[in-house]
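As given in TrEMBL:
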ACT_SITE  Asp174  active site, proton acceptor
BINDING   Glu35, His36, Thr37, Asp38, Tyr226  substrate binding site
BINDING   Ser69, Gly124, Ala125, Gly126, Leu127, Ser128, Ser129, Ser130  ATP binding site
BINDING   Ser130, Glu162  Mg(2+) binding site
DOMAIN    11-58  domain 'Galactokinase N-terminal'
DOMAIN    96-180  domain 'GHMP kinase N-terminal'
DOMAIN    297-374  domain 'GHMP kinase C-terminal'
SITE      Arg29  site 'Transition state stabilizer'
Amino acid sequence: MSTTQAAAAEGFRAVYGAAPEGLWAAPGRVNLIGEHTDYNDGFVLPLALPHTTVAAASARPDGVLRLHSGGADGGIVELRTDDLRPAPGSGWAAYPAGIVWALREAGLPVGGADVHYESTVPTGAGLSSSAALEVVTALALNDLYGLGLDRPRLARLAQRAENAFVGVPCGIMDQTAAACCTEGHALFLNTRDLTRRQVPFDLAAEGLQLLVVDTCVQHELGDGAYAQRRAGCEGGARALGVRALRDVPYAHLSEALARLDGEPGAEPASGTGPAVRDLVRHIVTENHRVEEVIARLDAGEIRAIGPLLTAGHASLRDDFAISCAELDLAVDSALAAGALGARMTGGGFGGSALVLAERSAAEHIGTAVTKAFAAAGHIAPRIFPAVPSAGARRLA
Ligand code: GLA
């Protein structure tokens, strides 16, 4: 039994005075490539981290929902399932409460529960701690109430909870990664039709390592900027007469950009953030990069994805404008120290970068990044290997 699993079982007993009916886990994720493509019907390629959120839970017959977290300040959050209403921005408990709301709204027979959580997924690091919390809750309730839902359906309900209950306009990538990833693989997801493929990603066998550099910073700009980028992409699709930017073929990018130049009406009303043509260029080139990465992985050429990762970073920095000084420094210092490729991962404006390195060079690269952060006066980053791990599962 892992220490997190044991802590969750013990924590449950300490808080609720009985043993839990079961224990479930869901992981955090990093996205190898395909950033901000998931709300444009595009392609993504995330993998699950070994870091998990564990839920110890029991059903309750009385419609009361009690939530407690070993990592959060404050005591038990107690709610009535009948009273749940969308409540944008109301703390960590809104994520699991949103799951109960979304399941019930879908007409599923879910009642109350006692839940205690323990997590090793870093929060605010762009590693999807919220999706781990949502998906572990959905899986626990699925089992406790015998709902019989499959993983993709749980992921869609979790996204609905986050969009409609918590009020975050995220795509489907993080929840699908938490629900559907498998050990030793990256998950190729087509976010239009939700078809998936497990792509073998055995870094160790190739003598490689993927490092996560958690910059430990989160810039406030991130809040409204995500919605702004999303609205800009949707405006671009409208201006180009396509259902989503996914429908602009890479081979027709220049034509699409020329067309946008003739349509100033495509610019966002707020006038902030990048021009729509730059957003379009990122999405179209990023979908193409995902396909190129997949082709190289299918050909067994893992090292060859390095330059595509680095090109993805440049696109997020220059066209999508969601990088920041710390992320750029993580990427630049890792490349200067010999990394095969590096990019920011996740929503942007802080959080984490990914570095692909020869295993023999990984320690040296990590040290070089840490030194560069110190020299620039940034707080020390947290650096750890991303080992492709399992998705959500029942533990006991
Ligand atoms: C966040 C969102 C995802 C996705 C990424 C960017 O993690 O939750 O849906 O849009 O940003 O790729």
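Using N, Cα and C of the backbone, Cβ positions are placed for all residues, glycine too.
What TrEMBL says about a protein is an automatic prediction, not a curated fact.
Between the CA atoms of Ser130 (ATP binding site) and Thr37 (substrate binding site) there is a gap of 19 Å, rounded to the nearest whole number. Comparing Cα positions, Ser128 (ATP binding site) lies closest to Asp174 out of the recorded positions Glu35, His36, Asp38, Asp174, Tyr226. The two recorded residues, Ser69 (ATP binding site) and Glu162 (Mg(2+) binding site), have Cα atoms 19 Å apart. Of the residues the record lists as binding substrate, namely Glu35, His36, Thr37, Asp38, Tyr226, the two whose Cα atoms sit farthest apart are 12 Å from each other.
Restricting the average to the domain 'GHMP kinase C-terminal' (297-374) gives a pLDDT of 98. In the domain 'GHMP kinase C-terminal' (297-374), the DSSP tally of helix, strand and coil residues is 47 helix, 14 strand, 17 coil. Within 10 Å of the Cβ of Asp38 (substrate binding site) there are 23 other Cβ atoms, across all protein chains. Non-local contacts of Glu35 (substrate binding site) by the CB criterion (under 8 A, 6+ apart in sequence, same chain) comprise Val44, Glu286, Gly312, Leu316, Phe320, Arg343, Met344, Thr345, Gly346, Gly348. Of all the binding-site residues given, namely Ala125, Leu127, Ser129, none has its Cα within 10 Å of the Cα of Glu162 (Mg(2+) binding site). According to DSSP, Ser69 (ATP binding site) is assigned to a strand segment.
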